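Novice: Straight out of Swiss-Prot:
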- 1-50: topological domain 'Cytoplasmic' (TOPO_DOM)
- 51-82: transmembrane segment (TRANSMEM)
- 91-111: transmembrane segment (TRANSMEM)
- 116-127: intramembrane segment (INTRAMEM)
- 141-160: transmembrane segment (TRANSMEM)
- 161-180: transmembrane segment (TRANSMEM)
- 203-224: intramembrane segment (INTRAMEM)
- 236-255: transmembrane segment (TRANSMEM)
- 282-310: transmembrane segment (TRANSMEM)
- 325-342: transmembrane segment (TRANSMEM)
- 349-360: intramembrane segment (INTRAMEM)
- 400-420: transmembrane segment (TRANSMEM)
- 421-440: transmembrane segment (TRANSMEM)
- 464-496: intramembrane segment (INTRAMEM)
- 500-520: transmembrane segment (TRANSMEM)
- 521-687: topological domain 'Cytoplasmic' (TOPO_DOM)
- 551-609: domain 'CBS 1' (DOMAIN)
- 626-687: domain 'CBS 2' (DOMAIN)
Amino acid sequence: MEELVGLREGASKKPVPLQELWGPCPRIRRNIQGGLEWLKERLFRVGEDWYFLVALGVLMALISYAMNFTIGRVVRAHKWLYREIGDGHLLRYLSWTVYPVALLSFSSGFSQSITPSSGGSGIPEVKTILTGVVLEDYLDIKNFGAKVVGLSCTLATGSTIFLGKLGPFVHLSVMIAAYLGRVRTKTVGEPESKTKEMELLAAGAAVGVATVFAAPISGVLFSIEVMSSHFSVWDYWRGFFAATCGAFMFHLLAVFNNEQETITSIYKTSFPVDIPFDLPEIFFFVALGAICGILSCGYNYSQRTFLFFLKANGFTSKLLATSKPLYSALAAVVLASITYPPGVGHFMASRLSMSEHLETLFDNNSWALMTKNSSPPWAAEPDPQKLWLEWCHPQLTVFGTLVFFLVMKFWMLILATTIPIPAGYFLPIFIYGAVIGRLFGEVLSVAFPEGIVAGGRVNPIMPGAYALAGAAAFSGAVTHTLSTALLAFEVTGQLVHALPVLMAVLAANAISQSFQPSFYDGTIIVKKLPYLPWIRGRQIGSHSVTVGHFMNCALTTLAKDMPLEQVIQVVISTDVTQYPLVETTESQTLVGVVKRTHLVQALQTEPASWAPGQQPCLQDILANGCPTQPVTLQLSLETSLHETHNLFELLNLQTLFVTSRGRAVGSVSWVELKKAISTLTNPPAPK
């Protein structure tokens, strides 16, 4: 029946299946279909990618806002239960601890039961994917559902566990971008393109940051610094477009829900604009950056060492392998018990939410000077108008609570990063850096109670400005990024401290990048993800080492004149993804590349036996339609390690063949590059 055709009515007279003509209302259906085709042609004239970028930004903003809305209600319910349960310490302790324990156990169990790749931040995996490596299941839609549910439960624990959502949201946004890329391919009818896919994934990473902090500019720059060593200008513009759409939609939803009167910054500050800081304070901001850089080295080293310890220890490794919810519950009990307000939690402002932590830390006034002559009593409930009093306790000074917070949260944050749940780790270190800056600013305000005199004018010390600089410097040093300075400006709406904050971030990064890998690179090292290490410094001699010193000389080639039996033996005995194709066995002149999958399919179509004297060779298989690829890029024996590393990073390569006067003599892959860089960085001891 489908082979029968009729004539379409009208002037075109195009043949159509009779089944279409026999359907109900054929003329109306044809008109609607024609109208949709016309609309599609007009809309896609400007480029279909832009519509999918708008959809990406809007979808992620809706998910982010819906998650914030739901989590806010759940956190308020927990606080209400804690207040209304009475004065019994046992019941209040149980209401404070059982809640996060149950949520984290469910988050771990649910996400891990669906897919193990849903745990953690997700940024290290996204960073690996953007280099061209295919990681199975990391961009599947089932991983998206597990990540959303698990992350919602994690964030519902509030400041008790002290975790954020930046990393998982980058992962979620990249998953949405991958899905929209597949929809785009089917809609437009184009063949799948790896380049197009990577463009959308890069834009998705920027949207993930922008929809968390409603900060499009720093969102794009942060995603570039964290996840790319080289970045295309074309992706730069697309990332800004999608991130702006997401941030605008996020602000718009807040205005429509009466949470904001208009589009404004997330954290309100009121730094003076006339003379926000004096010239001598530049030295203090740089010193603060140096302190943050030193502490970030200790944090990254301790966190990575603790992860290695958990993997090496028999008990914890077995617990994490077989009973992840139990490990999550045990860690939650420890963290919740320490933050219990009537216990030691009242020395670390545990009754404040993470947003309230930042709002109080960015306060202009000096708490040390305000409480110098009087010690305010510890209120039974936080005063919404004086939340900064949560940092003041009669038994400790402001300095005592800030120092206690830094000491306790240092190892508590490290413990929280080991819990196998979907969670972000950027906001906790951002707050930790703000506390460092606040402590530094309070010390200066006591050292200079009247302010700094310069040019005949007295300028008071503002600890809130140092908290802002500390947040940007410490988080930037931990992640090896400079865009955290711009992020601090966007979330506070203040640019008056642009120069000192940027100088603090530069000082912190100068120290941290010299001694330790970033937080995300450390996770890549621990998880053993396929990722190229950086070549740091010129002293290691990467320009003097050539490809001939570290290439893989055991190269398996396929010659066009090779008999089919030998070709089959080569395919069976090796497991490489592609074979270099040479002209003849004697010449070994490299002429192309044949993929293993294509070669296996071609061999399967060949007959099982041949007549005597008629056995074909590889040339016959290629002539029958087995596709080959040209060698567009190859290395010579004199190419330096530094140039090879740059090529692999810039073009997202996995393997390159080495030729000498046209002859294939070896290959270089990530394995050889890693070994060569490791040998230069850590040379073997002389015997």
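Each Cβ is built from the backbone N, Cα and C atoms, and glycine gets one as well.
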Novice: Should the transmembrane segment (325-342) and the transmembrane segment (51-82) be scored as in contact, given a threshold of at least 3 Cβ pairs under 8 Å and pairs 6 or more apart?
Specialist: no
Novice: Would you mind listing the long-range same-chain contacts of the transmembrane segment (91-111), meaning Cβ under 8 Å and 6+ residues beyond its ends?
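Specialist: Sequence-remote neighbours of the transmembrane segment (91-111) are 78, 81-82, 85, 118-119, 146-147, 149-151, 153-154, 156-158, 160-161, 324-329, 331-333, 335-337, 339-342, 419-422.
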Novice: Could you tell me how many residues in the domain 'CBS 1' (551-609) are helical, how many are strand and how many are coil under DSSP?
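Specialist: Summed by class, the stretch gives 19 helix, 16 strand, 24 coil.
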Novice: Ranking 116-127, 349-360, 464-496 by the number of C-beta pairs under 8 Å to the intramembrane segment (203-224), which range is first?
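Specialist: The listed stretch sharing the most Cβ pairs with the intramembrane segment (203-224) is 464-496.
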Novice: Return the stretch with the most CB pairs under 8 A relative to the transmembrane segment (421-440), choosing among 51-82, 141-160, 236-255.
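Specialist: The stretch with the most close Cβ contacts to the transmembrane segment (421-440) is 141-160.
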Novice: In this predicted model, what is the average pLDDT of the domain 'CBS 1' (551-609)?
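Specialist: Here the predicted model's pLDDT, averaged over the domain 'CBS 1' (551-609), is 82.
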Novice: Check for me, if you would, whether the transmembrane segment (51-82) reaches the transmembrane segment (161-180) - at least 3 Cβ pairs under 8 Å, residues 6 or more apart in sequence.
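Specialist: Counting Cβ pairs under 8 Å, at least 3, so yes.
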Novice: For the transmembrane segment (500-520), which stretch among 161-180, 236-255, 282-310, 400-420 has the most Cβ pairs under 8 A?
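Specialist: Comparing 161-180, 236-255, 282-310, 400-420: 282-310 has the most Cβ pairs near the transmembrane segment (500-520).
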Novice: For the transmembrane segment (400-420) and the transmembrane segment (161-180), check the count of CB pairs under 8 Å (sequence separation 6 or more) and say whether it reaches 3 or more.
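Specialist: Taking Cβ pairs at least 6 residues apart, the transmembrane segment (161-180) and the transmembrane segment (400-420) are in contact, with 3 or more under 8 Å.
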Novice: Same chain, outside the transmembrane segment (161-180) by at least 6, Cβ under 8 Å from its Cβ: which residues?
Specialist: 52, 55-56, 59-60, 63-64, 67, 100, 104, 120-123, 125-126, 129, 138-141, 143-144, 147-148, 151, 154-155, 197, 200-201, 203-205, 207-209, 211-213, 223, 332, 335-336, 339, 354, 409, 412-413, 416, 419, 422-428, 431
